[in-house]
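TrEMBL annotations:
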- 110-130: transmembrane segment (TRANSMEM)
- 142-163: transmembrane segment (TRANSMEM)
- 178-197: transmembrane segment (TRANSMEM)
- 204-225: transmembrane segment (TRANSMEM)
- 245-268: transmembrane segment (TRANSMEM)
- 315-342: transmembrane segment (TRANSMEM)
- 371-393: transmembrane segment (TRANSMEM)
- 446-464: transmembrane segment (TRANSMEM)
Amino acid sequence: MILVWENKVKNADDKQGQGRFCQLGLSKSTGRPQKRSCRASSSFFQYRRLNNRDVILIYIDKNAAKIVDFGYLSVCHRHWSHHRPPSQLAPIPCTTRSSKMTEPIYPEDAIPWVGLYVCLASLISTLAMAADAFQGFRKRKLWFPCRFFTINAASLTLIAIAMKLPVDLNTDMSPSKAISIAFLVAMVGNFLPSLGLMDGKDLLLNMIAFGILMITITVNVWLQYSTIDDLRQYGILRFMQEHIIRLQMFMLICSLPWPFSVALTIPVSRKILQHRYKELHRLTSNHQEINFSYKELKHKVKKYWMMAETGDPQFAVACSPISSAFGVICLSLAFSSVYFFLDSGSYRSNYVFNSRLDSYEKSEYKWSMKLIVIMQTVGTIVGSIAPILRCLTSISHFDLSKKWTKNHLNLFKVEKYWTQTLQLWKHNHVGSGIPSRHCKKLLHQIKNMILNFCIALQILVVVICKTICLIPRSFLILFFCCCYFCKSLMKRFKQEPNASDSIVIPDMEEYIGYVLQTEAEAKLSKNMLRNSFNSITRILHESEEKEPRYLMKLLKKSTGFNGVLEFDNDEVPPVHPEEIQNCWSLVAVTLTAIALSLPNIANDQVNELLSSVSEGLQFVRHIEESLNTNGELVKARKAASHVWTDVEVYYRWLQIDLQARNGETSEEILEWLGDEAVQIVIQFKRSKYGGMDHSVLNAISASSTYRISQTILLHCKKQENWPTDEELFEFISTIIADLLCACFTNLPRVITMKCHEHAIEERENSIRTAAQLLGRSKKILKILKARQLPNLDMDSIGYIDKWHALPKSQIPNCCFSSARSQLASSSSSESIEITVV
């Protein structure tokens, strides 16, 4: 057995070493290699420790500069395999020397499971990037806004886990680590636009965390840079592999400050976009009265949509030179990753022996290494889609005027917003608590020196990125210019105008004035504007097709707003000393539950009412979330949501089967519901529960059910004849229809409020919701447009209690039944008293 010992190598437990060519034996006491005799210094061995049991020995002849002998030492078997071919050089499993002995467990045995954890983190990151790419293609936004894979605590944790290989200093730089570096750059380039979603403290904290992570990874990779020469000398890396790894490490180090350069522009870009948005908002929101015109509301939605689409900070980042430069780098790294993957030892039978040292079977990660390499190669390709297409399509987003083309081909022109934040910091006063004038002066000089260096570095980064993008942008500008000239020539020979352009462009011209941009001289192209215009038109059209047909059938039963007064009677005493405020959804759900409890009602009618109320509640929730925001109404809204699931799915109200008493009369059922509601409130008072829990919600629902059931009971008792079950069901359905119509009078105001979302990162989703709400409510607005509204101000019309407090004379077309009039006249003689103990 042979091994070479160098002076600095003290024992055979070291991972690798080199020295003179020595004879090696195994100690009987320890079982470790033991030096016996050495040969001439012209030959030496390099040994590499794989684990606690196995050592690979490589005999290298210095004069011939080649490997002349190799072997595999199994400490467990005390076996030396000499002159075995590389294909047979595999670890020999340790077996027990006797049936009573068991194989020891070493820490290295758990490393493959660590590798599986790394593979899982890479898989999650890849799926998130793939989801963003899919959303970009589906919505035809080839600048690929970030929605799933954004910079936050979760994504930074995934990146840290996925980068286990590059930060591992116990192993040499290898193609598998190069693939991990490419995967890292692809992830950074992918979530770069998500920086535009943050401002202030969130941006600062995320960039600090990202900076610590990137510096840690970069330093660890740089420490392994020196091992590349040794790997190349011993033939472990070939010439092409060595230079690709060096290039990847150079790209990683160069791109390290790029995300920070983008982060410095975010506050300025958001401030510019927000200022221009407020100016256009003042021009758009000059009418405050309620308007049920679908055409005017659609016009308003389209205006705000153009402002939200073009004023997205993610769009400004995606079209920046740094984002385009990431696209060029990701393209090269994707090709290098594919090269390393196809050139790995698992796919080449004639691979040299030294590359086998990094093969999957010999690595500490063992079988998991293969999964990591495959997953991160796929992740690099998937993650490079968005940066590459951002680079290729950034030119097409703007109108190719001579001024714009000249500015973007001028490498040394750096726009003001790139350094505006640093200039602002430079002029800020620092050190007000320092008494000495000389200390203040010194502090300002140091601060200015640091900031001047940062400004110079920022300018250098922008110039480098513009230089990287120069070749692809030049080709793209040339390509689009050729396309423009070809279209111009075709128009000269084409006599008939394009019908689609003649229709779309006049409509689109109306909204061009609502485009927001960080650079005033850069005008968006007609294709970009047409895509934005077509997207909101498509959303409106798809929403119109999703008409709530069951709800429309219910609303046809309503002839006015009478039900807002009829659902509650002031003669019914409160069951709870602190009267609960009503909300639209709570009353609608309670009326529906009472209707379901009535006997002798066909299932088709019950299912139709449930479907109608379910569709109506979708609109009611949007209205209440926008208008009913005080604490008591929020509790009532939660109580309605708490009860509705049981009512719709199980026909139950607070765990009580609503159809359990089908054999009884409707009068008995109404009295039974009132008694059950009183019992629930009594239990709540006795329990002395505090806070927001199910008992509070149950008490709110029970109080509402008691008052409404007793009001219906009083109404029926004042009739000459007790109404049939069908008539009572229709009466309750009509009240629900009137109630929903009154609630829907707030739709224009809610749609306008959702169009104007203050948070810039939530603006697009809010306007999409407004467009969907407008499209689905087209026929509802048509019904309400023909009705006269009561004399209520804009704020009061959103509350059901304000409607209920109106005098009967102020309700338009209010026709009360004679029974209700008699009920009002005899209220003093027929009152209900309930004493709650």
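Note that Cβ sites are derived from N, Cα and C of the backbone, with glycine treated the same way.
The stretch with the most CB contacts under 8 Å to the transmembrane segment (446-464), chosen from 142-163, 245-268, 315-342, is 245-268.
Sequence-distant neighbours of the transmembrane segment (178-197) (same chain, 6+ residues past either end, Cβ-Cβ under 8 Å): 122, 125, 129, 132, 143-146, 149-151, 155, 159, 162-163, 165-166, 203, 207, 214, 217, 221, 241, 244-245, 248-249, 251-252, 255, 259, 262-263, 266, 269-270, 312-318, 322-323, 326-327, 329-330, 333-334, 336-337, 340-341, 372-373, 376-377, 379-380, 383-384, 386-387, 761. Taking pairs at least six residues apart, the transmembrane segment (315-342) and the transmembrane segment (142-163) share three or more Cβ pairs below 8 Å and count as touching. The stretch from 110-130, 142-163, 245-268 that makes the most Cβ contacts under 8 Å with the transmembrane segment (371-393) is 110-130. Through the fold, the transmembrane segment (142-163) approaches residues 117-118, 121-122, 124-125, 128-129, 131-133, 135-136, 180, 183-184, 187, 190-191, 193-195, 197-198, 206, 209-210, 213, 217, 312, 314-315, 318-319, 376, 385-386, 389-390, 393-394, 397 of its own chain, all at least 6 residues removed from its boundaries and within a Cβ separation under 8 Å.
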